[in-house]
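Accompanying notes for the structure given below.
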Amino acid sequence: MLQVLLVTICLAVFPYQGSSIILESGNVNDYEVVYPQKLTALLKGAIQQPEQKYEDAMQYEFKVNGKPVVLHLEKNKGLFSEDYSETHYSPDGREITTNPPVEDHCYYHGHIQNDAHLTASISACNGLKGHFQLRGETYLIEPLKIPDSEAHAVYKYENVEKEDEGPKKCGVTQTNWKSDEPIKASQFILTPEQRAYMNANKYIKLAIVVDNVMFRKYTGNFTAIRTRIYEIVNTLNLIYTILNIHIALVFLEIWSKGDSINVQSVVDVTLNSFGEWRERDLLNRKRHDNAQLLTGINFNGDTIGFGFVGSMCIPKKSVGIVQDHSKTHLLVATTMAHELGHNLGINHDGDSCTCQANSCIMAAKLSHQPSYQFSDCSINELWMYLISHTPRCILNEPLTTDVVSPAVCGNYVVEEGEECDCGSLWYCRNPCCDAATCKLKPGAECGDGVCCYQCRFVTAGTVCRPARSECDIPEYCSGQSVECPMDHIQKNGKPCLMNHGYCYNGRCPIMIHQCIALWGPGTTVSSDVCFQRNESGQGYSYCRRENNQNIPCAPQDVKCGRLYCKFHNVNTLPCNFKYSDFAPDYGLVDHGTKCGDGKVCNSNRQCVDVNTAY
C-alpha cells in the first residue's frame, strides 16, 4: 500500500441525481453529478517534478449513491514502449511517422479504497474519464461538458442504454491449438527450463492498426482516434495485469489515405489478409509481438472479433481483428482482450468454467456486461500453452537501446542505473526487486530472466532454450547471467525428418507439412503431374513474379513454384492450391524445401544442389 502525504484541494462534493442524459457512452438513464475532491498523493519522501504535468499518484474523493469513496490512482508507466511511434498517411499517400512524447501521459490504473483489486482504468487528461468497480458493480465516470465547471457524471454501466440488444460473439469456432492432454497446471511437473521460462516476466509489444472506415467514423480526427486507442490499451493492460503479462503499446498506424488490405465483412478473409500484410510489411518497419486491427466495418452476422488460436510470435498469425462495436471503450477493450487471449492459446470457456464475475473474458458469446476476469479454465490453458510452446518473443523487454529519455523506475524496463524494474509498488510481484529503488534486494543475485530462479542464477548447464526441432540447437545458462545465450541453429542443408527434408533457418520444411498448414489435417502432396502446371506461368501457376509478371518454372524447378495438395478422399480434386492477390508468395513452396534427392528450393525458386545452395 502506498504511504502518502495528503494535500487537500478544497472542492465541494455535491451529489445530484439525474434522470437521463446523453454522454459519450450513450444515453444514460440514471446518473449522479459529483464534483471530485482531489487529494494529492505524493510518495513518502518524493518531490513532484516541476516539469511533470501529470502526477505519478493521485487520489480523488467523491460520492457514489450518497456515500463517499476514495479513488486511488497511479500512472500506468508501462502503457507505452520507449520506442513508441505513430504512422499515418497524407492525402497524396506519403507515409508520415512520428515519435510523440508519451512519458508524461495522463492514463492511470487504480482502485477504490478498501478494495484490494485493481479495477480502475482512468484518463485524467481533461477531468476524470474511465471506469472502476465498486462492490462488484462497474461504474463509469466522465466530465460533463459545462463551461468552467468541475462537474462529472457517475453512473452504473447497467444504466447505459444498449446500442444493440442482439447477442455478440467471437468468430472462432474451432481451435488451432489444443493441449495434448487436459492436464491441470497444478498437476504439471516443470523441467528446469520450463520453470525458468514461467518465472520470467512476459511483455507483449502491441501494434494497433486503425482502418480507413474507422478513420472516417471519427471524421478524420487524429486526436480523437489516439485518445480512443490509448483508453482501450490502458484497459487492456489492466485486464492482463492479473496474468502477470505486461502489454505496452509500441506502434499505432492509421490508414488515413486508404486501407493497405481489402478489409471485408468476412472475418476469416480479413484476418488472413491482415496476417499476411503484417508478415510482409509491418514487421519489416516496426518490431512488435502482436498486432490488432481495429475496424469500423460491421462484420457479417453478430461477430465482432476474430483471432488465430495459439499463435503468439508467429509472423503471419500473431494477429487479431476487432470491430469498434461500442461507444464504450471498455467493451471494445474486453473484445480485444478476448482475441489476444486466443493468440495466447486460450480457447472459449466451457459450461464448467467460472470466474468471480457474471461473465468471463473468454466466453464464446460476449456479454453486454464488461468483464475484467479470466476464468479458471483460461488461466489453466494459458499456463499449458506457455509451457508447451514457450513463445520467445514475449520474454524480450521493450528496447532500452532506443531510450533517449531519463530512466523511469516502475515502467518494467531495466534502464541505465537500474538493476531491476518490477513495476510500481502496487504492481510489483517480484520478491527479488525493491520497487521503490529498482535495485536488487540484499542477497539477491538477479531479479528475473530465464536464467534466474528464486533470486539466484540458475546452475550453469541448465537448458534455457530447448531445441524446437532437430534443426535447432539447445542453449544453456552460463551460471553468471540471467540472459539465455544467442539462439543458434543447425547448419542449413543438414538432413532432417528421416531424410525427407533439409534444415533451413532452424526448420525442416517439407511439402506435406505445408499442405497441412494450408488445408488442414487429411491432406497430402499432389502427384507430379499437378506441379507441371507451373511451367505454364498462367494464372497462379508460376515460380515467381517480377515487375507484376508471372515467371514460369523451368521443368527442373516445378516443385519450387505453386504448391499443389490433395485430400485423402479420392473423390476430391487432385490439384488443389491457394493464392492471395495481396501476397504473391502465399501458397508457393517454402524456401529450403526438398525438391528432389539432394536438392532444395533456393530463394530464387530454383531447384538446386543442397551442397551449393547455402
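Including glycine, each Cβ sits where the backbone N, Cα and C put it.
Noted in Swiss-Prot for the protein shown:
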BINDING   Val408, Asn411, Glu415, Glu418, Asp421  Ca(2+) 1 binding site
BINDING   Asp472, Glu475, Asp487  Ca(2+) 2 binding site
DISULFID  Cys313-Cys393  disulfide bond
DISULFID  Cys353-Cys377  disulfide bond
DISULFID  Cys409-Cys438  disulfide bond
DISULFID  Cys420-Cys433  disulfide bond
DISULFID  Cys422-Cys428  disulfide bond
DISULFID  Cys432-Cys455  disulfide bond
DISULFID  Cys446-Cys452  disulfide bond
DISULFID  Cys451-Cys477  disulfide bond
DISULFID  Cys515-Cys565  disulfide bond
DISULFID  Cys530-Cys575  disulfide bond
DISULFID  Cys543-Cys553  disulfide bond
DISULFID  Cys595-Cys607  disulfide bond
DOMAIN    202-398  domain 'Peptidase M12B'
CARBOHYD  Asn221  N-linked glycosylation site
CARBOHYD  Asn534  N-linked glycosylation site
MOD_RES   Glu193  pyrrolidone carboxylic acid (Glu)
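Cβ neighbour counts within 10 Å, taken over all protein chains shown, single out Cys477 as the most crowded of the disulfide-bonded residues Cys477, Cys530, Cys595. The Cα atom of Cys543 (disulfide bond) lies nearest to that of Cys313, taking the recorded positions Cys313, Asp421, Cys433, Cys446 as the candidates. Among the disulfide-bonded residues Cys377, Cys409, Cys446, Cys455, Cys565, the ones whose Cα is located within 10 Å of the Cα of Asp421 (Ca(2+) 1 binding site) are Cys409. For the binding-site residues listed here (Glu415, Glu418, Asp472, Asp487), the lowest count of other CB atoms within 10 A around the CB belongs to Asp487. Cys438 (disulfide bond) sits 29 Å from Glu475 (Ca(2+) 2 binding site), taking the C-alpha atoms as the reference points. The disulfide-bonded residues examined here are Cys377, Cys575, Cys607; by Cβ neighbour count within 10 Å, the least packed of them is Cys575. Cys446 (disulfide bond) and Glu418 (Ca(2+) 1 binding site) have their C-alpha atoms 12 Å apart, to the nearest angstrom. Candidate recorded positions: Asn221, Asn411, Asn534. Fewest other C-beta atoms within 10 angstroms, Asn221. Using the Cβ center of Asp472, Glu475, Asp487 for Ca(2+) 2, the list of other same-chain residues with Cβ within 8 Å runs, in sequence order, Arg465, Ala467, Arg468, Ile473, Pro474, Met486, His488, Ile489, Gly506.
A simple way to gauge crowding: the CB of Cys422 (disulfide bond) has 22 other CB atoms within 10 angstroms, across all the protein chains here. Excluding the listed site residues Val408, Asn411, Glu415, Glu418, Asp421, the same chain places Ala407, Cys409, Gly410, Tyr412, Val413, Val414, Cys438 with Cβ atoms within 8 Å of the centre of the Ca(2+) 1 site Cβ atoms. Ranking the recorded positions Glu475, Cys553, Cys565, Cys595 by the distance of their Cα atoms from the Cα of Glu415 (Ca(2+) 1 binding site) places Glu475 first. Per-residue pLDDT, averaged over the domain 'Peptidase M12B' (202-398), rounds to 92. Residues near Cys393 (disulfide bond) in space but far in sequence (CB under 8 A, at least 6 apart, same chain), listed by position: Asp289, Met312, Cys313, Ser318. Taking only the Cα positions, the spacing between Cys452 (disulfide bond) and Cys433 (disulfide bond) is 12 angstrom. According to DSSP, Cys432 (disulfide bond) is assigned to coil rather than to any helix or strand.
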